[in-house]
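Engineer: Please see the structure below; I have some questions.
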């Protein structure tokens, strides 16, 4: 947690397999709109002004590339991180499996004491006929909420949150919970919810 001009900077880094919607997640939240046209492989760093309990913070949002080609470069963005979001797509079972096999071990190696949340993305595709047909052809099905909650508990995540960058359902909750994970003592993080806290955000350009 670093000091900014008049506000504390909170650093949030998003990790996970490629093509699970990490960049769209960040762009939809930062711009309050789903990117309809070109979506870059990696999202530019944005700072969002966040007010929590009357105090102002700058939430820095950092994207990462999930492909193996970036395995050596990706950890360079990890120092000074306050919270990680480990993302998987609820319609990509392989990305769900890789949370435990790839992403948790990587964070344990490079940032063992930093809190992290488990995020299920692309929930708008859970009932999409074409997506379901594709999964059925592979003898697979979407990841359900209970599976996400169970994995979050197994890996020691602060919580499990599902969202859709397209519809923005659950999107604000993702970042509200990320902020709470940073500002709440570790032993209380899992059970602590938004409660009466007022969290207001605006994009800093």
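Using the three backbone atoms N, Cα and C, a Cβ is placed for every residue, glycine included.
Checked Swiss-Prot, it gives:
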BINDING   16-23, 63-67, 121-124  GTP binding site
MOTIF     38-46  motif 'Effector region'
MOD_RES   202  cysteine methyl ester
LIPID     202  S-farnesyl cysteine
Engineer: Which residues of the same chain, at least 6 positions away in sequence, have a Cβ lying under 8 Å from the Cβ of residue 19 (GTP binding site)?
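Structural biologist: Correct list: 66, 89, 92.
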Engineer: Can you give me the same-chain residues 6 or more apart in sequence from residue 67 (GTP binding site) with a CB-CB distance under 8 Å?
Structural biologist: 18
Engineer: Can you tell me the three-state DSSP label for residue 22 (GTP binding site)?
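Structural biologist: DSSP call for residue 22 (GTP binding site): helix.
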Engineer: Among the binding-site residues 16, 64, which residue has its Cβ surrounded by the fewest other Cβ atoms within 10 Å?
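Structural biologist: Looking at the binding-site residues 16, 64, the Cβ with the fewest others within 10 Å is that of 64.
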Engineer: Using DSSP reduced to three states, classify residue 64 (GTP binding site) as helix, strand or coil.
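Structural biologist: Reduced to three states, the DSSP call for residue 64 (GTP binding site) is coil.
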Engineer: Can you tell which of 22, 123 has the most other C-beta atoms within 10 Å, given these are the binding-site residues?
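Structural biologist: The residue with the most neighbouring Cβ atoms within 10 Å is 22.
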Engineer: For the motif 'Effector region' (38-46), provide the mean pLDDT of the predicted model.
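Structural biologist: Averaged over the motif 'Effector region' (38-46), per-residue pLDDT gives 66.
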Engineer: May I ask you to report the DSSP-based helix, strand or coil state of residue 16 (GTP binding site)?
Structural biologist: strand
